[in-house]
């Protein structure tokens, strides 16, 4: 990375003072010469009125000059400088002298009232020079590095106000960065995996900045709110239906997606199922409309990227057959514009983006090219740049806020050099500038128009922010000036030591010698360390109800398990209480005492021997 510039303020002030002194000297010398010329003219043409007016002007001029010299400093006031007033001198100067003064650069304290100088002209000249040299508009003097992870940062999103940045990568993570809330440690305030084990392909804030579109490697796009909580998930289509128009959603992996620039509820996705679909946030059950790119033979082709035009009236898609196809948003059947051989067939067109004026389309191809197109004359590109390697299906390109520069990144193999960010002049496609970002590929790039800062996602898990303290606004400037927060020390268990010098020895607290020793001591004290009460253990009935749980059922189950009585023979268990019931009838007998009949038992005769029985009774049946 580049080193930060250092400034010697004392040297700058000294240089400013010297410049002011030198400038004042030149101005006053010019006045002296003019005064001499004027005196010669008056000597040749003597006139009383003119001499009176000249003397009054001289007197007024000396007063103003003295005030001016007092403001410049002691070094100027020590010199014996006199002359007419600056106002009269300026008005008397010719056009040639004005031009000479315009060439000099004036740096110094405020000028006296009524003095007109060429500072405004110089400012205009600087502005014109900056317009003529677009490189000066690139905010790259400073940079910060945000550590997303170790794998490729494949998605970047910045909300319209420029307050929050989101990064997504091949590690499935989406991280949220708040510039106003971050300090110099540059830590993300939230990290989540919204699509489980699917790589993040695209992240995009809506036009109002309140929701985020997440496009990953699965077939269902998700919408999150500003804090990362899910709002809706698109439905998955039926993969057994041949005509993709009749399915309610995508049936294959998503490739890209973006929000409508004007309608905050509508977004766009494209997929490997060969369709581009528009969706409404309020209706997750079905898409709004379907656009089906077709090859020259009318066969299905896969769109690898899609975007809206700046006014939202057109939908553009870059396809795997090398074509770029554009539809009217309200007419999904036939394309409005198309270019069949925009890029090499079989390569992934990784990015399409419209210029801010809406007339030019930039396309970043998998054939290592960057091209500009006028969609009204779509057969031939306006400009083209080659030998820009791209190994990723989401390599970006974007326009500068003033629409004069086109930016893209390049990919490198491991150990093959540094990934670079290239800046091309839109009119001539001349390479204006390049930034060596890191020793890995540059995948994503984003130039925010409000912040005037450039965000870059790289192949080694970094998200870099380039900015200029003068030209840029807010964003990274907010967090670099904040010091790192100190880590909170662990709360110790030691209590505050109260010093009581006049207390009696028996009430005096022992003096603390070491915090660490006192901490270890307090750790062993169950009261000071708030040691939790251990659960009741061991056999026995006398424990608490909540030993194995706080519910009544657990208490009953525990008591049943502890009951040692044997109820294996129910007859014996009942007859055990027979004697007590007979002697002290309490439950049943008193209730039936009045109505119960007296028991009458039949007398049973003793059975005779077998010999006395008749013959037919002896027979066994």
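For all residues, glycine too, the Cβ spot is worked out from N, Cα and C.
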In TrEMBL, which of the ranges 509-550, 551-592 has the region 'Disordered' annotation?
509-550
Need the matching range: TrEMBL marks region 'Disordered' on one of 478-501, 598-621, and I'd like to know which.
598-621
Could you tell me the mean pLDDT the prediction assigns to the repeat 'WD' (247-289)?
91
Give me the DSSP three-state residue breakdown of the repeat 'WD' (247-289), ordered helix, strand, coil.
0 helix, 19 strand, 24 coil
What counts of helix, strand and coil residues does DSSP assign across the repeat 'WD' (352-376)?
0 helix, 13 strand, 12 coil
